[in-house]
C-alpha cells in the first residue's frame, strides 16, 4: 500500500497501490464531509463566522506541517526522483513555477471554503455541498482527466460525472420541495406552540433534559424561528439568490484547486528545466496550505472590522476572548487538513480525477445535516423520496469515480 523511497534511515512515503489510493480517498471523503457540519454547528450556536474560520485555519495549516514533516522526510532521499521535503524547500529558485501552481491552488481552496461557510447559513448543509461538489466534479474532474494524460477509464469516469449531474438536479428538487414544506409550516404556525425560548431551543439542539424540550418540536415553524434568533447569520426573509450565488462561486473555486495541485506535482506543462525534480506531494501540499492560511487570516481579520452579509462586527481582541466553541473550530481545521492531504496522496497514485470522488462528500454532509440539525424533519413524502434519490445517485457516482482509477507509472 505504501512505499518508502530512502537513501538513509528516513524516507518519503508514497502511496503505491490502487487499494492504498482508494483507502486514502475514502478516508478523505469522510473527513471532507464532516468539517462543514462542524462550522455549521458553530454558526447555529451563534459563534461569529470570522472567529470560527480563524481558528479553523490555524489547525488546518498545522495538519499540513505535520504531514509534510512526518511523511515528507527530514533529511536526504533520492535527489533525482523523490527529494525530501526539506531539500525541496531549499530548491525554490529551481522549482518556483510549480510552487506558484501550489500557492494558486491554496488561494482557490481558501476562498472556496470561506464562501462555503456563509453559503451553509443561507441554503443549508445539503444543498451547499451538493451544488459546490457538482461544479467541482464537472469542471475539475474533466480538467484533471486530460492533465493526467487520460490515466482514468473515460467510460467509467464520465459515467460518474453524469451521475453527479443527475444528483444535482435531484438536489435542486429536494431544496425546492423542502422550501415549499417550510412555507407550509409557517402557514400552520397557529397550530404549533406559539413561543419558543432561547433556552428551550439550545437544549433541543445541543442537549438537555428531555422533559424540558416537549414544547419544542424539531422541524416546526417555532423551531425555525428560534434557530434564526440564535444563529450568527440571519437568513430568514433574504433572497435565495444571494446564497445560491455564493454556493456557485465556492464550487468554481473548488474546481480549480485540484487541477492546480495536479500541475504542481506532475508538471504536465513542462515548466521546469531538465533535471529539476517535480514537487513531491508533501512539498506541494505545504505551499498549498501556506497560501490557504495566509489568505484566510488576511480576509477574516478584515471581516472582523468590516463584516460581510450583515454579520456582526467584532475585533481581534474579541476573537481572542471568544472561547465558546473554539475546540470544535480547531477540530474542523484538523479534519479538513488531513482530508485534503489524504486526497492528494491518493490522487498522486490513482489519478486526480479519481481522487475527485471525495466531492461526493454531500453523502456524509447530508447525514450530519439530518442527524445534527434535523434537516428535512417533518417534511413531505415527496421531499423524502427526492432526498433518497439524490443520495443513491451520489453513492453510484462515488463508486464509478473510484472504479475509474488507474495506476500512475513512476518515471
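Glycine too: its Cβ is placed from the backbone N, Cα and C atoms.
In TrEMBL, the feature transmembrane segment is placed on 280-305, out of the ranges 202-227, 280-305. The recorded stretches the transmembrane segment (280-305) and the transmembrane segment (53-75) share 3+ CB pairs below 8 A when only pairs 6 or more apart in sequence are counted, and are therefore in contact. Of the Cβ pairs linking the transmembrane segment (95-115) with the transmembrane segment (20-41) and spaced 6 or more residues apart, fewer than 3 are under 8 Å, so the two regions do not touch. Looking at which of 20-41, 53-75, 122-144, 156-175, 240-260 has the most CB pairs under 8 Å to the transmembrane segment (326-346), the answer is the stretch 20-41.
Between the transmembrane segment (122-144) and the transmembrane segment (156-175), three or more CB pairs separated by 6 or more residues in sequence fall under 8 Å, so the two stretches touch. Here the transmembrane segment (20-41) does not lie next to the transmembrane segment (240-260) in space: the count of CB pairs under 8 Å, restricted to residues six or more apart, is fewer than 3.
Beyond the transmembrane segment (156-175), the same-chain residues lying 6 or more positions past its ends with a Cβ under 8 Å from any Cβ of the stretch are 123-124, 126-127, 130-131, 133-134, 137-138, 141-142, 145, 353-354, 357, 359-360, 362, 376, 383, 386-387, 389-390, 393-394, 396-401, 403-404. Long-range contacts of the transmembrane segment (53-75) within its own chain (CB-CB distance under 8 A, at least 6 residues past either end) are made by residues 6, 8-13, 35, 39, 84-86, 110, 113-114, 117, 280, 282-283, 285-286, 288-290, 292-293, 296-297, 300-301, 319, 326, 329-334, 336-338, 340-341, 345.
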